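Okay, so here's the structure we're looking at.
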Amino acid sequence: MSSYVGVLVSDQWLQSQFTQVELRSLNSKVYLNMQGQATGKLGGPKNSSSFLKASTTTLLHTISESEKASYVTHINIYLADDPFLKQFLPLDPATNDLFHLAKDGVLLCKLINVAVPGTIDERAINTKRVLNPWERNENHTLCLNSAKAIGCTVVNIGTQDLVEARPHLVLGLISQIIKIQLLADLNLKKTPQLVELVEDSNADVEELMGLAPEKVLLKWMNFHLNKAGYEKTVANFSSDVKDGKAYAYLLNVLAPEFCNPLTLDTKDPVERAKLVLDHAERMGCKRYLSPKDITEGSTNLNLAFVAQIFHERNGLSTDSKKISFAERMTDDVQISREERCFRLWINSLGIESYVNNVFEDVRTGWILLEVLDKVAPGSVNWKHASKPPIKFPFRKVENCNQVVKIGRQLKFSVVNLGGNDIVQGNKKLIVAFLWQLMRFNMLQLLKSLRSRSRGKEITDADIMNWANRKVKSTGRSTQIESFKDKSLSTGLFFLELLSAVEPRVVNWNLVTKGESDEEKRLNATYIISVARKLGCSIFLLPEDIMEVNQKMILTLTASIMYWCLQHAAEEGEVALSPANGNGSTYTSDTSPAPSISGEDERSSLCGEISSLTMDDAASDITVSSSQCENEDTEIATAESHA
């Protein structure tokens, strides 16, 4: 299913004049995603991320020339030495060079890797001078799935929109990518010195860990402004900084050696903004915005400016005792990786709330209810749910009790799990529940495709058997016995599986034998990028493949299976029904190329499904039983350690 990214332009008048449905009716291809306080079921302010989910996005296709110029400057600086792009850089911000270069998808993929290094294996990017339509589509599919994997809210954007380089959509996506880069260090894991912003209690540190990056940035800014004697509290990056005074105080306390007394004495806001930027430039901050951008309150550019100041000089203590305390709060690598996966998965579902930290944000129960309502529509009784902010603790417990009750109705293993465990933030129990929720969603998606043949309920064994048959159908002998099979660490089975579902997507010249850790890592990173390039929405890391993380291995295999069956179903629909109900030909945004595997996917869809015969029943029961036992044990073990 294609999606479209909304324009990051706020417009209060439009918000007051039209409902979401009325706005949707204004255009057959809608660029709308009304978020924030205007919608019905929402989390509290803590659970929103202003730059990832704008308070209102509208049909206005206007773009900010200042923002475009700033993003072009950023690209010219950070991608200047890229072996492929340097032939096209620097871009001229006064022209549309940015949009022309974005059409092939290479620029956006490279920009994602600047924001979060290693997200995309660049060997998977098609970088020929002239790309054919399939190759261009592959790059944009890889871009969109990778953007989701680093935390971008990709709503209402399809590969064709990027191929056409629609300016407001391209800038909206670039804006998110750049801000993720600029705010990457605004967490205790990357910058443990941030612990100075709070008291030494666990509760305060956990609250800080749960804040959105820009909220942490505001907290940091106000921390220094308070020390500098600034009497106001800065609550946003627009109206509260328009006069430039907050910037003057902030820079004076962080870099007093570059202080200019005239900055605060001048009466003209534009002149003050100019002096502020001169001060920032002398301390090493690149100039991305103009005095006018400050005085007009450009939220995106002002946020980027403050983030630059933080990176250049955060002015925080190097107290080793406090830093050690912060590091102890974030030292569970496995839990941290799983939190990341579940956070990105939840945010990709398109629920109203935005998750910044799973363990903090789910404690009210509201976000879990939203997810349950998304993956099992109608399961939530909203009349008995309380929306954040929640003053009374028992209301949180009520929400979480309903979460556990629904989980039990969905046949989840909830041994020793109570609503209060979620409210108290028991990480192991929350992870165990979220895994079952994610798995349920994945199996429901597969079931929706299999319902055409009235097949039996799909199980883990079905997924494994399908993968083994798919690989075997190409003449290869590699097979796996379970999702814990240690041979999976080499990555070769997944590369053979990807090649089986779409032969042209794997370049075997880039594949290693997977004998050393380095070779395994190369294969793992390549697998993830190839799967995303194909159209799979996955959130695992290379380490999950190398270490054969059973949960993540299952999600990867299921995602490939889902793409394959969906692609076959869509191909079949085109063959059987050349036009849809509107009289237009059906196309798939995510299909990189027609299958050239030598087998007819259209006719094999039902064959693949029906081939899951009674012979699989025993293994189905075995895997399903062991799965439940594992989940029972995991929750029970977690409870015993709580």
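Numbering starts at 1 and runs along the chain as displayed.
Glycine too: its Cβ is placed from the backbone N, Cα and C atoms.
Positions annotated as compositional bias 'Polar residues' by TrEMBL: 580-594.
The residues of the domain 'Calponin-homology (CH)' (65-182), classed with DSSP into helix (H, G, I), strand (E, B) and coil, number 74 helix, 0 strand, 44 coil. Summarising the annotation, TrEMBL assigns domain 'Calponin-homology (CH)' to 65-182 (among others).
Each residue of the domain 'Calponin-homology (CH)' (211-314) gets a DSSP state, and the totals for helix, strand and coil are 69 helix, 0 strand, 35 coil. Taken from TrEMBL, the feature domain 'Calponin-homology (CH)' applies to 211-314 (among others).
Under the heading domain 'Calponin-homology (CH)', TrEMBL lists 336-442 (among others).
Under the heading domain 'Calponin-homology (CH)', TrEMBL lists 457-565 (among others). As a whole-number mean, the pLDDT of the domain 'Calponin-homology (CH)' (457-565) in this prediction is 95.
Annotated region 'Disordered' per TrEMBL: 580-642, in sequence order.
For the domain 'Calponin-homology (CH)' (457-565), the DSSP-based tally of helix, strand and coil residues reads 73 helix, 0 strand, 36 coil.
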